[in-house]
Amino acid sequence: MRPPFPGTPDSSKKSANLTVKLETQAVSVYYGSHLAVKQVSLKIPKNHITAFIGPSGCGKSTLLRCFNRMNDLIPGARVEGSVIFHGKNIYDPDVDPAEVRRRVGLVFQKPNPFPKSIYDNIAFGPRVNGYQGDLDELVERALRQAVLWDEVKDKLKTSGLSLSGGQQQRLCIARTLAIQPEVILMDEPCASLDPISTLRIEELLKELGRRYTIIIVTHNMQQAARVSDFTAFFNTEVDEEGFRYGRLVEFNRTEKIFNSPAHRETEEYVSGRFG
């Protein structure tokens, strides 16, 4: 049986008691006059991991950036529709984008530690936000959550750039955790990592997914199947003028998407017959 709407998980007993953390309502994104993502309506469950999959150019990362208004920083970008967080559209004129980004953190594809010490990488965000608690305790907690503390506890004053690629990415995750977000966005967080580092990040994601709402963009379907609870499949469409834009095809529990998808194009993509 097909779900009633592509952005709503099916109504099975496993899905019945889900709490929605974030919701997009008919969200479209434009770069100048070019439509990049069309009319996406999607409900993201709280304290679960949701994966966005689909071919290049289907709007996964563009939509991800809508959740913390990072598209605001791209010249010519425009978002239509609503992104609902705690009952309010984050694009309303009275909403502070900086506060949105504090509550909805983003980890980029390539590790990007600041040219500062490991300690100051973690402490930077809380300091900027006026944190009044014990900073040493906060730094340790964030590094422990990112499963990095035991590796760096004796060299907190050394540069974050001295760490390996996998350690740098976990440092960036710890930096995000230190601002105490409710939602963590991850844009291909393992794309530049070796298989061992990737496995550690995936194990970390599974642990964090119990306490945070996580949305991950990935081209690695095996990764989506391993770590996510829900999966949204996006595909491209060509408009009348020959320009491509992204659209949501199907959203459901990950096992449904990979084992019994409702749409043929989803099945073709996850089975490797796409294109």
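Yeah, the Cβs are placed from backbone N, Cα and C, and that goes for glycine too.
From a predicted model like this one, the values you see are computed outputs, not experimental measurements.
The annotation ATP binding site is assigned in Swiss-Prot to Gly54, Pro55, Ser56, Gly57, Cys58, Gly59, Lys60, Ser61 on the grounds of sequence analysis. Under 8 Å, Cβ to Cβ, and six or more positions away along its own chain, Ser61 (ATP binding site) finds Asp187, Glu188, Val217. Reduced to three states, the DSSP call for Ser61 (ATP binding site) is helix.
Per Swiss-Prot, domain 'ABC transporter' is recorded for 22-261.
For Gly57 (ATP binding site), the same-chain residues that are 6 or more apart in sequence and have a Cβ closer than 8 Å to its Cβ are Thr236, Arg244, Gly246. The ATP site, placed at the center of the C-beta atoms of Gly54, Pro55, Ser56, Gly57, Cys58, Gly59, Lys60, Ser61, has further neighbours from the same chain whose C-beta lies within 8 angstroms: Thr62, Phe234, Thr236, Gly246. Annotation for the binding-site residues Pro55, Gly59: lowest Cβ count within 10 Å of the residue's own Cβ, Pro55.
The local packing around Gly54 (ATP binding site), expressed as other Cβ atoms within 10 Å of its Cβ over all shown chains, amounts to 26.
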